[in-house]
Amino acid sequence: MTFLDWAESSSLGLWVSDSLWGYPIVLTLHTIGMSILVGIALMISFRLLGFCSRLPLRDMYNYWKVAIAGFCINLLSGTALFFGGATLLWENRPFLLKITLIATGLLLSHYLATRTISGKITSKHKFIAGASIFVWIAALVSGRLIAYID
């Protein structure tokens, strides 16, 4: 039995895939975590691009801590969703792209949240902020495409 088969046949995998409320509950939690994480990541990036300039940059790191809580919600709910359909997801190109984009988005956003506390924003920070916005939106689109593209 492979790991993917084991994941799908586990009690968590069966609850998500076979029960009436498993998938909707986990997907709702996933949406909440995503909203927290991506919302704050985009807020940080847009702040560095000059939007809401009265918001102090030193506060961005505190917001990033909340975003990490959103990521933890997504990590747990995403694992549950993965267990519900592991064999299909493992070969799904939008899913694999989404995971890659999330890792990239986390790295970019963490860099921005921790390196701009001093208030000095360089053109490098602005470029990374723009890239971060693109990556997070691409991750959202990839996640949505999982249901439609093999």
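Backbone N, Cα and C define each Cβ position, glycine as well.
What TrEMBL says about a protein is an automatic prediction, not a curated fact.
According to TrEMBL, the feature transmembrane segment maps to 20-46 (among others).
Among the features that TrEMBL reports, transmembrane segment is placed at 66-89 (among others).
Annotation source TrEMBL lists transmembrane segment at 95-114 (among others).
Taken from TrEMBL, the feature transmembrane segment covers 126-149 (among others). Among residues of the same chain six or more beyond the transmembrane segment (126-149), those with a C-beta under 8 A of the stretch's C-beta atoms are 34, 38, 41-42, 44-46, 48-49, 89, 92-95, 97-98, 101-102, 104-105, 108-109, 111-112.
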Intrachain residues whose Cβ lies under 8 Å of the transmembrane segment (95-114), provided they are six or more past its termini: 38, 41, 44-45, 48, 60-61, 63-64, 67, 71, 89, 125, 128-129, 131-132, 135-136, 138-139, 142-143, 146
